[in-house]
Amino acid sequence: MDLPGPIHDFLLVFLGSGLLVGGLGVVLLPNPIFSAFSLGFVLVCISLLYILSNSHFVAAAQLLIYVGAINVLIIFAVMFMNDSEYSTDFNLWTVGNGITSLVCTTILCLLMSTILDTSWYGVIWTTRLNQILEQDLISNSQQIGIHLSTDFFLPFELISIILLVALIGAISVARQ
């Protein structure tokens with residue numbers, strides 16, 4: 001979208017905070033239905049971020065595939081589970097939560113140090129090269145393929161990892 005700078009920054013901060021709140025809702029809410037709805041909110045916020053970065057096709061695919069199909073399937077599977085397992089008393093912190101938060105914090109610190117220590121010169125050069133190549137391409141599907149493999153590679157892979165973790169969690173909760 002071609003928005004003025006302050007409006008673009010406000011929407012970026014608003015959607016980023018929506019992602020954080022939704023992600024915390026997925027992890028911290030005791031009811032799996034509410035966690036699934038929170039996951040849907042996170043996926044919609046990611047789709048809106050794609051729209052904000054002028055990638056309308058990826059945003060539409062995100063909405064149709066992840067929100068429209070996968071998240072609805074997760075909600076449908078969770079609704080068939082026995083609800084008596086989830087009591088009303090909510091234990092906020094257990095040993096497993098502490099170990100999980102320690103592992104996640106360690107992974108986050110390693111990821112941040114890797115991002116800060118990496119020389120991004122080659123990535124910028126590759127992007128510029130693909131922008132030069134992009135003018136010679138005829139079809140939009142070739143341009144989408146180049147953008148998915150260069151500019152939007154990291155967000156595309158991150159959402160697939162988030163989806164994989166969510167599906168593994170839904171399967172493990174359904175088996176119990």
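The first residue you see is number 1, and the count goes up from there.
Glycine too: its Cβ is placed from the backbone N, Cα and C atoms.
Noted in Swiss-Prot for the protein shown:
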- 10-30: transmembrane segment (TRANSMEM)
- 32-52: transmembrane segment (TRANSMEM)
- 61-81: transmembrane segment (TRANSMEM)
- 92-112: transmembrane segment (TRANSMEM)
- 152-172: transmembrane segment (TRANSMEM)
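Each of 32-52, 92-112, 152-172 was scored by its Cβ pairs under 8 Å to the transmembrane segment (61-81), and the highest score goes to 32-52. Residues 28 of the same chain lie 6+ residues outside the transmembrane segment (92-112) yet bring a C-beta within less than 8 angstroms of a C-beta in it. Sequence-remote contacts of a segment are chain residues at least 6 beyond its ends whose Cβ falls under 8 Å from one of its Cβ atoms, and for the transmembrane segment (152-172) they are 26, 32, 36, 39, 42-43, 46, 49-50, 53, 55, 58, 62, 66, 70, 74, 77-78.
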